[in-house]
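*Asks:* I am attaching a structure below and will ask some questions about it afterwards.
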Amino acid sequence: MGIKGLTKLLADNAPKSMKENKFESYFGRKIAIDASMSIYQFLIVVGRSGTEMLTNEAGEVTSHLQGMFSRTIRLLEAGIKPVYVFDGKPPDLKKQELAKRYSKRAEATEDLSEALETANKEDIEKFSKRTVKVTKQHNDDCKRLLRLMGVPVVEAPSEAEAQCAALCKAGKVYGVVSEDMDSLTFGAPKFLRHLMDPSSKKIPVMEFEVAKILEELNMTMDQFIDLCILSGCDYCDSIRGIGGLTALKLIRQHGSIENIPENLNKERYQIPDNWPYQEARRLFKEPLVITDEKELDIKWSSPDEEGLITFLVNENGFNRDRVTKAIEKIKVAKNKSSQGRLESFFKPTANPSVPIKRKETPVNNAKETNKKTKAGGGKKKK
């Protein structure tokens with residue numbers, strides 16, 4: 001879920017903290033990517049038609065591999081250096097949110113059965129996507145693929161977004177890529193949305209800067225975290241009836257969550273029983289992340305050509321010629337990206353962002369083409 005309504009809230013109340021950039025402007029940048037979010041999107045859109053998905057001869061889904069392979073090559077060709085961060089064990093406080101997601105998938109499965117009986121194509125498409133879940137096998141497949149491509153993988157001890165934010169704060173990467181806004185709540189200095197969107201969407205990258213958010217909202221980081229918890233996060237229920245704008249007013253008026261309940265109209269607003277907002281706050285401020293330099297030895301290397309052929313072609317039915325051509329693209333791209341950005345050699349100049357007006361762009365509001373990508377493989381699975 002991320003932080004409910006945060007994009008709109010920032011667009012309306014902290015517009016200078018957001019700017020639109022071209023995809024190509026991130027040449028030479030190292031970026032940390034929330035892997036699970038990307039895999040989820042690939043499973044939803046890549047090669048999908050109704051309930052049909054790309055598979056290998058064993059009937060195993062390969063949409064995530066095709067999406068990860070082609071999208072990562074696009075990043076490399078643009079001179080971008082990706083680091084994929086995978087989720088570890090979720091915090092106990094997230095169990096309630098995960099249970100809700102499980103229930104929603106179960107409901108969608110029932111709705112899908114009804115849609116299949118009535119042959120309603122629109123409902124089949126809609127409910128089929130709602131049943132998607134990223135599994136351990138999907139994650140393991142993508143880790144293996146990325147390592148064979150020479151792209152670094154970080155396995156977070158807990159939340160991937162928290163680890164991404166830690167990498168960014170440590171200066172290991174320029175920014176964090178995800179679609180969930182809680183990367184900002186974890187304190188990621190720079191947060192990027194839409195960088196992983198397909199080129200066919202032609203949506204600019206939206207860059208958020210947490211320092212400017214705090215400046216425009218006139219808040220401390222602690223107050224921003226409280227604002228996000230009040231707005232609605234994955235770790236605890238919010239106060240019923242309070243949305244982002246009301247949460248903003250309350251934090252500005254009272255300073256922290258501690259001072260809010262006693263000043264609320266209890267008839268109008270319902271405070272959850274056993275509300276663990278303090279534990280949620282602690283998870284945002286002190287998440288479980290890797291900080292040891294030895295464990296974060298992030299390096300990009302040459303692709304393992306033989307390994308990629310074995311994994312993609314022999315094991316997963318990808319087209320050999322397309323994979324071979326894709327490998328050549330990776331090699332050319334890595335030579336290109338080694339040139340680096342100019343500021344690596346010269347003193348950087350200021351690049352002030354231009355404030356933008358509020359412009360909400362729904363995630364996944366356009367269907368990705370079902371045509372096979374250049375390194376595609378597999379067949380449809382019903």
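These residue numbers are counts, starting from 1, taken along the chain as shown.
Each residue, glycine too, has its Cβ placed from N, Cα and C.
What Swiss-Prot shows for this protein is this:
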- 1-105: region 'N-domain' (REGION)
- ASP34, ASP87, GLU159, GLU161: Mg(2+) 1 binding site (BINDING)
- ARG71, GLU159, GLY232, ASP234: DNA binding site (BINDING)
- 123-254: region 'I-domain' (REGION)
- ASP180, ASP182, ASP234: Mg(2+) 2 binding site (BINDING)
- 338-346: region 'Interaction with PCNA' (REGION)
- 339-382: region 'Disordered' (REGION)
- 372-382: compositional bias 'Basic residues' (COMPBIAS)
*Asks:* Given GLU161 (Mg(2+) 1 binding site) and ASP180 (Mg(2+) 2 binding site), what distance in Å do their CA atoms have, once rounded to a whole number?
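*Replies:* Per the Cα atoms, GLU161 (Mg(2+) 1 binding site) and ASP180 (Mg(2+) 2 binding site) stand 9 Å apart.
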*Asks:* Taking the Cα atoms as reference points, how far is GLY232 (DNA binding site) from ASP182 (Mg(2+) 2 binding site) in Å?
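*Replies:* A Cα-Cα distance of 10 Å.
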*Asks:* Can you tell me which binding-site residues out of ASP34, ARG71, ASP87, ASP234 are within 10 A of ASP182 (Mg(2+) 2 binding site) by Cα, answering none if there aren't any?
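*Replies:* Cα within 10 Å of ASP182 (Mg(2+) 2 binding site): ASP234.
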*Asks:* Hey, for the Mg(2+) 1 site built from ASP34, ASP87, GLU159, GLU161, who else sits with CB inside 8 A of the CB center?
*Replies:* SER36, MET37, VAL85, ALA156, ALA160, ALA162, GLN163, CYS164, SER178, ASP180
*Asks:* What does DSSP give as the helix, strand and coil breakdown of the region 'I-domain' (123-254)?
*Replies:* 69 helix, 16 strand, 47 coil
*Asks:* For the region 'N-domain' (1-105), what does DSSP give as the number of helix, strand and coil residues?
*Replies:* 55 helix, 21 strand, 29 coil
*Asks:* I'm trying to understand the geometry here, so how far is the Cα atom of ARG71 (DNA binding site) from the Cα atom of ASP180 (Mg(2+) 2 binding site), in Å to the nearest whole number?
*Replies:* 19
*Asks:* If one measures from the C-alpha of ASP87 (Mg(2+) 1 binding site) to the C-alpha of ASP180 (Mg(2+) 2 binding site), what distance in angstrom results, rounded to a whole number?
*Replies:* 14
*Asks:* Let's check the environment of GLU161 (Mg(2+) 1 binding site): how many other CB atoms sit within 10 Å of its CB?
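*Replies:* GLU161 (Mg(2+) 1 binding site): 29 neighbouring Cβ atoms within 10 Å.
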*Asks:* Taking every protein chain in this structure into account, which of the binding-site residues ASP87, GLU159, ASP180, ASP182, ASP234 has the most other Cβ atoms within 10 Å of its Cβ?
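*Replies:* When each Cβ's neighbours within 10 Å are tallied, GLU159 leads.
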*Asks:* Between the Cα atoms of GLU159 (Mg(2+) 1 binding site) and ASP180 (Mg(2+) 2 binding site), find the distance and write it as a whole number of Å.
*Replies:* 12
*Asks:* With every protein chain in view, what's the tally of Cβ atoms within 10 Å of the Cβ of ARG71 (DNA binding site), excluding that atom itself?
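*Replies:* 22, counting other Cβ atoms within 10 Å of ARG71 (DNA binding site).
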*Asks:* What number of additional C-beta atoms lies within 10 angstroms of the C-beta atom of GLY232 (DNA binding site)?
*Replies:* 20
*Asks:* Taking 10 A as the limit, how many CB atoms besides its own sit near the CB of ASP34 (Mg(2+) 1 binding site)?
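*Replies:* Taking all protein chains shown, ASP34 (Mg(2+) 1 binding site) has 25 Cβ neighbours within 10 Å.
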*Asks:* Rounded to an integer, what is the Cα-Cα distance in Å between ASP180 (Mg(2+) 2 binding site) and ASP234 (DNA binding site)?
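*Replies:* Pair distance, Cα basis, whole Å: 11 Å.
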